[in-house]
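Asker: When I checked TrEMBL for this same protein, it listed these features:
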type     : residues : note
ACT_SITE : D68      : active site, charge relay system
ACT_SITE : H104     : active site, charge relay system
ACT_SITE : S275     : active site, charge relay system
DOMAIN   : 59-323   : domain 'Peptidase S8/S53'
SIGNAL   : 1-24     : signal peptide
TRANSMEM : 375-396  : transmembrane segment
Amino acid sequence: MLLGCAGTGLLSGALVVAAPAAHAAPEQGCGGEAPRYLDEEPPALAQLGAQRAGQLATGDGVTVAVVDSGVDDSNPHLAGAVLAGTDVVRPGTADAGRKDTWGHGTTVAGIIAARPVEGSGVRGLAPGARILPVRVYYGEDSQAERDGTDPDPGRIAEGIRWAVDHGAQVVNVSMSSDADDPALRAAVEHATSNGSLVVASAGNRNTADDDADGPRFPAAYPDVLAVAAVDRDLNATDASIHGDHVDVAAPGQDVLGVYRGAGDCWFAVDAPAPSWSTAYVSAAAALVAQRFPDETPAQWAYRLEVTAARAVAHERTRETGWGVVRPDQALQHVDDGTAVGPPNPTSTDGPPVAAVTPVAVPASVDPLEPVRATAVWWVLAATTVVTLVALAWRLVGPRRSR
């Protein structure tokens with residue numbers, strides 16, 4: 001069983017979340033004593049139509065829980081964005097989830113809700129959203145394993161429940177397990193019944209003990225929005241686990257985001273990482289939740305699915321589900337029940353199908369019909385002649401001799 005995120009550094013046989021590999025360009029190192037800002041804009045923002053989406057929603061008023069390694073609120077991009085959360089691993093910890101010894105949760109939070117900072121091009125897709133940090137692990141190295149602070153499905157389940165009970169409309173889980181855990185399933189059901197949408201990674205092949213395609217959890221549970229990664233060109237990638245559980249996809253490569261408390265950094269340059277894709281979809285869900293507060297989580301997910309970019313409108317694939325999300329389109333979608341694609345949660349008739357235009361089919365022509373007609377006339381004529389001859393014979397007939 002494995003809980004996999006972006007990056008490398010696995011422990012064989014352990015239940016782990018891999019550390020995010022900070023793939024910085026040589027001239028753009030990560031970390032250091034002072035924050036380092038990069039003036040480029042994250043490439044995914046243009047790919048997701050962030051400018052158009054931002055004119056309709058920013059995530060303002062929406063709380064997104066980051067169930068992860070904590071969130072470092074000392075990063076200037078996250079100043080004022082991080083609420084008091086919790087530490088499920090060590091309950092009662094004074095930082096309330098607002099520190100991050102592993103770094104993964106902070107990057108996820110930045111992708112979702114990073115605020116603009118002078119000198120930096122980094123910002124989140126939902127820069128008005130609030131982040132609720134829920135720490136469910138401290139690390140995945142051997143020390144964390146010995147300390148019992150490595151990832152655990154039970155703690156993730158507890159974290160989801162806590163997030164829902166403390167007002168999160170969207171719950172980001174950039175982790176996956178190949179084991180169906182009853183507590184995790186129940187936590188997702190709790191979220192759904194209380195009006196929260198769980199967005200989860202469909203699985204990272206590069207950090208998985210079992211790298212075969214197939215369901216990953218909690219992504220594969222009903223009502224969870226399962227996210228796969230696409231590469232820098234928005235193409236499907238083998239770095240992401242494929243399967244029938246995949247709902248949508250989002251950019252997961254060349255991710256420019258926040259790095260702990262130290263400013264900006266490039267991530268996933270070498271290979272796409274579903275952890276970051278999941279964060280982008282959670283941000284998109286926050287935008288939809290703000291604009292459509294009276295809709296259900298299932299309707300929020302449907303908006304993202306039905307408007308996703310895909311080759312064939314009515315086809316879902318194992319690689320990218322219903323396609324790459326387009327938040328700007330999801331915010332403008334008019335649900336009149338005619339869209340082709342994923343099942344509409346408000347409809348009881350199933351998904352509509354493409355209209356079919358009746359084709360007039362000419363009656364089949366019998367090539368022997370003229371012959372048959374002629375034959376019939378000859379039969380009738382012959383019958384008539386025979387009848388007349390017989391009648392004449394009876395009237396005239398031969399005379400007998402006496």
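Backbone N, Cα and C atoms are what each Cβ position is placed from, and that goes for glycine too.
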Asker: Taking the Cβ of S275 (active site, charge relay system) as the centre, how many other Cβ atoms fall within a 10 Å radius?
Answerer: 34
Asker: If you draw a 10 Å sphere around the Cβ of H104 (active site, charge relay system), how many other Cβ atoms fall inside it, taking every protein chain shown into account?
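Answerer: Excluding its own Cβ, H104 (active site, charge relay system) sees 30 Cβ atoms within 10 Å.
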Asker: I'd like to know the mean pLDDT over the domain 'Peptidase S8/S53' (59-323).
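Answerer: Reported value for the domain 'Peptidase S8/S53' (59-323) is a mean pLDDT of 97.
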Asker: Same chain only, sequence gap of 6 or more: which residues have a CB within under 8 Å of the CB of D68 (active site, charge relay system)?
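Answerer: D68 (active site, charge relay system) has long-range Cβ partners H104, G105, V108, P133, V134, R135, V136, Y137, N172, V173, S174, M175.
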Asker: According to DSSP, does D68 (active site, charge relay system) fall in a helix, a strand, or coil?
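Answerer: DSSP call for D68 (active site, charge relay system): strand.
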